[in-house]
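Q: What follows is a single structure, and I will ask about it in a moment.
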C-alpha cells in the first residue's frame, strides 16, 4: 500500500505540467498509442501545428533582459539562452533518437528551430552569429538527418531487433565496412584549439561522453577528441548524424586530410587564424592509425563490421529467447499446480465459511443474551449506586454545615482576640506618637516664633529705614523745587541785567553759588538714597531667602501661601497626555521620563525659544510659539503639555535667565502671583493662631 498512487492526484499533476495547447503524452500509455504518436507522419503533424502556434505569437520566446527561452521546456531551470545556444538546444533535441526523446518533443523542437531561422525578428541576431569567424553552423535538422531518423524509427516499428539492415540501407553504409565498436567518433582541430572545448562543439548531439586526447609535442600540434556513443543501433545512428552534420558543413574527414596536406592554417578575412573543428565516425583507417587516435581506439574499442555486430546481437538474442522460453514453460507448470491447489483451497474455504457462519450465528445469539443480562444487572447496580450517592450527599452536606458553624465560631473568637490585641497596641502607639508629636510641635512652634520675631524685628528695621528714605526723598524733592526756583530767579535776573548791572551781578553770583551748593547737596543725598535703597532691597531679598529656607517644611501641601519652584515643569498635564496616548498601564513611567527629558531641554543654554515683542511701547522678551521643538511637542501631546513647557520657560527667563536652573519663590497660589512679605507673615500668624486654638481646644 506504500506504493499506491492516487489516480486523481496523478491526473492533476499531469494537467499542471502541460504547456498551453501542447501536452506531452503520459508515460504509461499503451504500446499501440506510442507507436502511433512516434511515427514520422504524426511527428510532421505536430511540427506543423507547433510552427503555426509559434508564428501566431502564442508563445513568448524573448526575455525582458534580451536573452531567449525555450517555450517547450517550461520545467527546466535554465531559461536564459543566447540565440546560438538556443538553436543548439532545439537542434540537439530535434535530431535525438526516439529512445531518449519522445517523438512529439522532437517535433516541437524542430518546429522551434525552423521558426527561429525563418522569423524576421531574429534576422539581426542570426546575421551577427553567421558573420563571426569560425562560428559553428547549428542547422542540424537537415533533410538527410530527418531521413536517417525516420529510417531508424521504421526499423524499430517493423520489429527489426538488430536494426542492421534498415540502418545500413538508410544511412548508405556498406555491410563489409569496418567500424570501431563501441561506436565512436573522432573530433580534430588545428593548432591553438583547447581540447577541453570539444564538448561544447557537439553539445547538441545525443552522445555518452567526449574524451579529449593528449598529444605530445613530437606527434604534432593538432588537437583530438573521441566521442563515445551507445552500443546499440541507436548509438550508431547518432554517430552517423554527427558525421552528416560535419560533412554538410564541409568539416568531414576529407576536409581534415586536405587541411593536413596543405600544411598551413586557413586564414580569416581579417588575417586571423580560423581554427575549425572536424568530425567523422571512427573506421578501420582511424583504428590502425599510428597517432594518438589509433592508440586510444585499439585500447578501448574493437574493429568490426555491421554484419559481425548483427550476428553478435542475434546470438545474444537467441540465447536470451531460449532462456526465457525455458523460464516460461517452468512458470506455466507452476501456474497449473497453483491452479489445482487453488481449486482445492477454494472448496475447503467454502466449507469453512459455512461452518464459520453457523458458529457466528450461535455466537451472536449467545452474545445478545449475555448483553441483555449484563444490561439488566448494570441498571440495578446504577440504581443502587444512585441511591447510595444521594444518601452520601445528604450526610456530606450535614457534616459541611456543622464544620462551617465550627469554623465560624472559631474565626469569631480569633477575630475578637485579634481586635482586642490590635486596639491595645494601637492605643499604645497612639500615646507614644502623640507624645512625640507634642514635643516636635513645641519645638516647631518655638522655632517659628523665634523666626517670626526675627522677621518682625527685621521688618521693623526695614520699615524704619523706608520711613527714613521717604523723609529723605521728601527733602530731595524740596531741594529740587528750590533749585528750580533759583534757576527761574537766575533767568529773570539775566533778563534784567541792563537796569542795575552792579546789584544784579552780585545777586546772580550769590544765587549761582547757592545753586551749586544745593546741587551738590542734592547729588550727595541722591547717592545716599540709592545706596540705602539697594541695601534695603538686599536685606529684603536675604530675608525672603531665609524665610523660604525656614518655611520650606511648613508651607507644604495644599496651602494658600507656599513655595513654588520657578522653572519647574508641572507633571499633571504630562500624566494626562500619557494616559490618553499609552493607556492606564504604564503612563506614569512614560510621563516621568517625558518630564525629565524636557526639564533637561529647558536647562540647555543652546536652546533659546524666545523672541522680542513691543508691548505698550516697551520691548519685552516672550516665548516663541513657532519654535520647532515646541511645535513638535504640541503636535504630539497637545496644548496642555506645550503650555506647561512655555510657562516653565517664561519663569526661567524671568528668575534665572543666565543659569536656567529652578529657583524657589514665595507664591500666592490663590491669586497666581508672587507673594509679598506682608502676605507671608500674615498667613503665618494666622496659621499659628489656628494651631494654638486647636491645641487649647
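Just so it is clear, glycine is given a Cβ too, placed from its N, Cα and C backbone atoms.
These came from TrEMBL, pasted as-is:
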COMPBIAS  1-15  compositional bias 'Acidic residues'
COMPBIAS  16-25  compositional bias 'Low complexity'
COMPBIAS  26-46  compositional bias 'Acidic residues'
COMPBIAS  411-431  compositional bias 'Basic and acidic residues'
DOMAIN    70-113  domain 'Zinc finger-XS'
DOMAIN    176-288  domain 'XS'
DOMAIN    564-691  domain 'Factor of DNA methylation 1-5/IDN2'
REGION    1-69  region 'Disordered'
REGION    147-166  region 'Disordered'
REGION    411-434  region 'Disordered'
Q: Can you tell me the mean pLDDT for the domain 'Zinc finger-XS' (70-113)?
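A: It averages 77.
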Q: Going by DSSP assignments with H, G and I as helix and E and B as strand, what are the residue counts for the region 'Disordered' (411-434)?
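A: Final tally across the stretch: 24 helix, 0 strand, 0 coil.
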Q: For the domain 'Factor of DNA methylation 1-5/IDN2' (564-691), what does DSSP give as the number of helix, strand and coil residues?
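A: For the domain 'Factor of DNA methylation 1-5/IDN2' (564-691), the helix, strand and coil counts are 71 helix, 23 strand, 34 coil.
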